[in-house]
Each structure stands twice: as C-alpha cells, then as structure tokens.
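The (6S)-5-formyl-5,6,7,8-tetrahydrofolate binding site feature in Swiss-Prot is assigned to Arg26, Glu87, Lys127, Lys471. The annotation domain 'TrmE-type G' is assigned in Swiss-Prot to 223-394. Here Swiss-Prot flags Asn233, Thr252, Ile254, Thr257 as K(+) binding site, drawing on sequence analysis. The annotation GTP binding site is assigned in Swiss-Prot to 233-238, 252-258, 277-280, 347-350 on the grounds of sequence analysis. Here Swiss-Prot flags Ser237, Thr258 as Mg(2+) binding site, drawing on sequence analysis.
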Amino acid sequence: MTSISQTTTIAAQATAPGRGGVGIIRVSGPEAKNVAQAILGKLPEVRKAEYLPFLDCTSTDKTQVLDQGIALYFKAPNSFTGEDVIEFQGHGGPVILDMLLKVILAQPKVIMAKPGEFSEQAFLNDKLDLTQAEAIADLINSSSEQAARSALHSLQGDFSKLVNEMVESIIHLRMYVEAAIDFPEEEIDFLADKKIVTDLKAIISRVEDVRKQAQQGSIIREGMRVVIAGRPNAGKSSLLNALSGKQTAIVTDIAGTTRDVLAEQIHIDGMPLHIIDTAGLRDSDDVVEKIGIERAWQEINQADRVLLMVDASEDHSILEDDQDIKDFYPEFFAKLPEKIGLTLIRNKADVNDAKTGFTEFTDTDGTQHAIITLSAKTGKGVDSLKEHLKTIMGYQGGTEGGFMARRRHLVALENTHQHLLTGLDQLESYVAGEILAEELRICQQELDQITGEFTSDDLLGKIFSSFCIGK
C-alpha cells in the first residue's frame, strides 16, 4: 500500500469525555506546527515534554491563558499517524478542554476529527495494517483480561504475521503453477508434480488452523452464543436463571411454560456469553407454541454451542456403554448441524441425589461428548458448567492469549479455505492448472482484505467509524 498525503489537519479530545485529572487534545496534520506556534507561542522540541501555558490566540491580545500543561511534538513520519502531531495535555475539566479545542479549531485548515480518523491516518500512512487498527478499538472495548491480551497481540502484529505468511505461501505456489502453464513445452509436467499437491495441502492445513484460532478470537471479542435446548420441563429456564444469577425466566411445573426465546448476556471471569433459553421441543398443535419451537430451531442453527438438557431423574439409559447419544434423541440430532458443538446437561440431580460435575461419554463410533450433571434448582454442579464454557471459549488465566478476530476475518478465511479446496479438487481430478491459478489469486485477494492490502473504501469507512473520537 502506498502512503497517502494528508492535506487536512484534524483535532479532537483523545481522552474519555467527562471530568478527570488529565485531559488530552491531539492535533495531527500539516498545520500541527502552526497550531503549536499559535497556542504555545513556540514549537516544542521533538519528543521532549515541555510545561507551557496554553494561550487563547483568538483573544484580542492573544495572551490570555486558557490552561497550562504538557505539550508534546512528534515530527512526521515518526508519530502514531505518520503526520506531524502535537498533543496538549492539560487539566481534565470538560469546560477547559472545550475552550481549548474551540481555539484549535479556529485555526486555518483545522477540522474536527471523525471517529477513528487518527487511526485511519495511521493506516493510510502504513503505520498500521487494518487488523492492528481494529485491535486498537478492541483493546479499548475489551471486557476481560483475556480479551485485552488478545487485542494487544493483534495490535503487536501476531494476526497480521500469520496472514502475511499464508499470503507468501500462496504467492510462491502461484508462481510455480503459472510457470507450469506458461511453459507447457517443458519436458517435465510441473502440474503433475507432487510438490504442488503437497504444498497446496500444507497451505490448506495452515488456513484451517488459523481459521480455528480466529474463531476463538471472534468468540472472545463478540461473545459465544449458547442455546439451551431440550424437551419441555427439562429445566431450561431454571438453568438460564442459575447462569444469569437472576430470575430472568418464569419457572413452573407446567410443561411448555416458555413459548418464546429469552436471552441474557452474562460474563464468566470477564468472558462474554449470550445465553438463550428456548421453547421445549416437541410436536404441538398449539399455534403459539409451534411458533416458539420454530424460533428455537432458528436459534439452535445460529449457536456456537448447544446445551441439550435432559431430565436426569428420568433418563438414565443414555449413559450405558452400548448406547449412542444420538440414539437417545434421534429427531433432535437429525436436525442439528454437524458444525455446532454440543454439551449434554443432565439436570435435576437433586431429585435422586446424583453425583454432579463433568464427565465424558464415548459413543460406539469413538466420538466423545461432554456431559455435565447438575441441579439448576439448587445450583449444585453449575460451577462445573461455567468452567466447561470457559474452556470452550479458550479462556486462559495466565499471561498468554491468542489474537482478536472479527466476523469479516472469519468470512475471508472461510472463503480462502473453500477456494483452496476447489483448486485442489480441480488439480487432482482434471490437472486444471488455469483454474488452480485463478483460485489461488482469489485466495490471495481474500487474505489481503484482512490486513487491508486490498480493501474497498466502503469497508474502511465502516471499520473506522466504529472507533471513538480521538483514536
């Protein structure tokens, strides 16, 4: 990406609105030096903090003092934005900051910064790539230590490095494939060379690995959608109340009490979860209940995880060695998308004093399933479920963490994965080098969108407009 010259100077408050001990106003652009001369009466030394009065240069004698504080000057290109930057660090009173900002905006060719415009300047001047710019907003908005660590890793370039490595591998393979197409007269059939297939499969494996990491990063950022499903009167609403810590749902002994979707956002050790209670799944002639069941399946199909609840006081056979979980509820598993993870919740452990906690059950085909026995009524065993959900989300209590990812990153990685699989199929089935080369070109374009090497102006506007002003 080439650096884009900025002709406009922007200014905004860089600290949060409201009262505080310190308030910072940032100015970036070619007029920053003139603003410093007008407000400070001098241009501070580069990267040297100076304690100076902030003058109202719009007053009659131009010497009226608005505030006094620290002034910092960063000379282009060695600044956050890549432009000349001056920061005024004064007292954090809203009135004082508004007065100072008004004087700054009165200077020629200085305008109010839009949300995210400082970060956009940094991106356009190659100081940050797009994932790093997004990580700034994610770091500010992080709701847990895990999210903050992941956002910081993205800001430091961990995600970008993985993407760039995949792009380099694809470019290298493209060169090899296109050379084979351009020089068909060579005695060696390069397209039939096992090296191409081997390298292509290695890239596919790498993309799949990064995609899984990105899915974890997306869950940490956006929260995991957990849907509680099961037959009527299994205790789904009681579990929602137990997880949320409040009486969100009405609980009765009457089967079918819940007829619509109930949602509650909770945090477990700072990790965001969207818990969704649904109507009991059964055949029904009741029009309202049927609508509720349809909505339940809509939520199940959009879930990151499904908690399938059963009544442990009634259903014992599902844990026998010769049973499969799918045999227990075949009509449910027949409709459940394979990509959605499932945890079996055996509720009402208090009825027969069953042992609570986490166990694993292995189907006859070797598939392992997580099973948690609990009592939503007494709360016993609910902590085991919370720990299980944390594990699924990739919670790490130490100082390590993955990287932050957004929905658009997942889409680009999924598209890349699908195009690579198409290219592999065309190569193995038809030795179709031209199609493989085109699929590789599309893959490179998809990955370049993640870091911003190839990005539409509309996407940039959408991304940076979600930032706070001053960033």
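Using the three backbone atoms N, Cα and C, a Cβ is placed for every residue, glycine included.
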Problem - Cα-to-Cα gap, Ser237 (Mg(2+) binding site) vs Ala279 (GTP binding site), nearest whole Å - result: 9
Problem - Cβ-Cβ distance under 8 Å to Glu87 ((6S)-5-formyl-5,6,7,8-tetrahydrofolate binding site), same chain, at least six residues away - result: Ala14, Ile24, Ile25, Arg26, Val27, Ile70, Ala71, Leu72, Phe74
Practice task
Could you find out if DSSP has Glu87 ((6S)-5-formyl-5,6,7,8-tetrahydrofolate binding site) as helix, strand or coil?
Solution key: strand
Problem - Rounded inter-Cα distance in Å - Lys127 ((6S)-5-formyl-5,6,7,8-tetrahydrofolate binding site), Lys236 (GTP binding site) - result: 50
Exercise for the section: Could you measure between Asn233 (K(+) binding site) and Ala279 (GTP binding site) for me? Cα positions, answer in whole angstrom. Expected result: 10
Exercise for the section: Determine the minimum-neighbour residue: among Arg26, Lys127, Lys236, Lys348, listed as binding-site residues, which Cβ has the fewest other Cβ atoms within 10 angstroms? Expected result: Lys127
Problem - Mean of pLDDT values spanning the domain 'TrmE-type G' (223-394) - result: 83
Fill in the blank from the handout: The answer, for which of the binding-site residues Asn233, Ser237 has its Cβ ringed by the most other Cβ atoms inside 10 Å, is Ser237
Exercise for the section: Using DSSP reduced to three states, classify Arg26 ((6S)-5-formyl-5,6,7,8-tetrahydrofolate binding site) as helix, strand or coil. Expected result: strand
Handout entry: Three-state secondary structure, Ser237 (Mg(2+) binding site) (per DSSP)
Key = helix
